[in-house]
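To start, the structure under review is shown below, and the notes come after it.
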Amino acid sequence: MYSSVVHLARANPFNAPHLQLVHDGLAGPRSDPAGPPGPPRRSRNLAAAAVEEQYSCDYGSGRFFILCGLGGIISCGTTHTALVPLDLVKCRMQVDPQKYKSIFNGFSVTLKEDGFRGLAKGWAPTFIGYSLQGLCKFGFYEVFKVLYSNMLGEENAYLWRTSLYLAASASAEFFADIALAPMEAAKVRIQTQPGYANTLRDAAPKMYKEEGLKAFYKGVAPLWMRQIPYTMMKFACFERTVEALYKFVVPKPRSECSKPEQLVVTFVAGYIAGVFCAIVSHPADSVVSVLNKEKGSSASEVLKRLGFRGVWKGLFARIIMIGTLTALQWFIYDSVKVYFRLPRPPPPEMPESLKKKLGYTQ
């Protein structure tokens, strides 16, 4: 199974052309069938490591942050748009559980009433909103991670790395949600209010006419409640899971793994992180869905009305959606980094100075 997943990773569209050279002969000259044999080829892993050192920019440079933001646009915009049908059913289960009783029932009712085109409702605000969110989420995460690491210093950055991941991701998501909120509000109106509007072009002017700018940003606080814990879990859990996989599961160091093998680890760690993300952020997601559907309601009123059981409606659908979503996002984001030859630091190791202080080395 592992080899088959590696094969899929090799075939991913973001596989960098320079990596293929390793397999095609960069690792060592091939022997000419008509001439004397050439020198033995170096191992593929060592050659891959040599290529890996040829980065297109410095870690923490402006170009690095811009390309990370581009990776966020591609990873978030495409994946969220691809899962619009599941997201639509999930939202309808949250706002009208009597009508949409389960995932399968929700799909059945939607297909019966709206046809296959109905499953794509809200794709435009989803694509625009989550592309903007991905730009800020991944781009600013890298910015804040470097900023906070420099503030802490090498030793403290290692000792407090989980807190560093949590702080950097929370800071990034704060700004990402401001970019997402208007499109998220329009998406929920389109998906959950029959007859309100079928397109973003129809929904946005109507929302502004009815409630002004408040219509687009009244859900930003619940969005922070949903997305900041989600993103903190997404990044911190992913970073520590990658670290654990290389330490306890993968049978060789990361430096000896090929790029496709590293991307498989990325995908697995992303899915594990996604499951926890869905659970942590689901209650706030339910509040956001109901709040954006109704006029004049507040987050506290919606939360009180839904109750403990109500806020967990649609959790199974969201676990499937967010698990798949998070895994694909990390896979695509890491693939973009590989394609543009961006620095991809290995899992953190204890600094030598700290090892000496703790008596691990002489």
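Note that Cβ sites are derived from N, Cα and C of the backbone, with glycine treated the same way.
Both LEU147 and GLU239 are recorded by Swiss-Prot within identically named topological domains, on the same side of the membrane. Looking up the ranges 122-141, 142-161 in Swiss-Prot, the one annotated as transmembrane segment turns out to be 122-141. Around TYR196 (phosphotyrosine), the same-chain residues at least 6 positions away in sequence with a Cβ under 8 Å from its Cβ are ARG189, ILE190, ALA203, LYS206.
When the stretches 64-86, 122-141, 162-183, 262-284 are ranked by Cβ pairs under 8 Å to the transmembrane segment (219-238), first place goes to 162-183. Same-chain residues lying 6 or more positions outside the transmembrane segment (262-284) and placing a CB less than 8 Å from one of its CB atoms are 2, 5-6, 9, 12, 222-223, 225-227, 229-231, 233-235, 237-238, 241-242, 245-246, 250, 254, 303, 311-312, 314-315, 318-319, 321-331, 334-335, 338, 344. Long-range contacts of the transmembrane segment (64-86) within the same chain, counting only residues at least 6 positions beyond its ends with a Cβ under 8 Å from a Cβ of the stretch, are 57-58, 103, 107, 119-123, 126-128, 130-139, 141-143, 317, 320-321, 324-325, 328-330, 332-333, 336-337, 340, 342-343. Shown for the repeat 'Solcar 3' (261-339): DSSP residue counts in helix, strand and coil, namely 70 helix, 0 strand, 9 coil.
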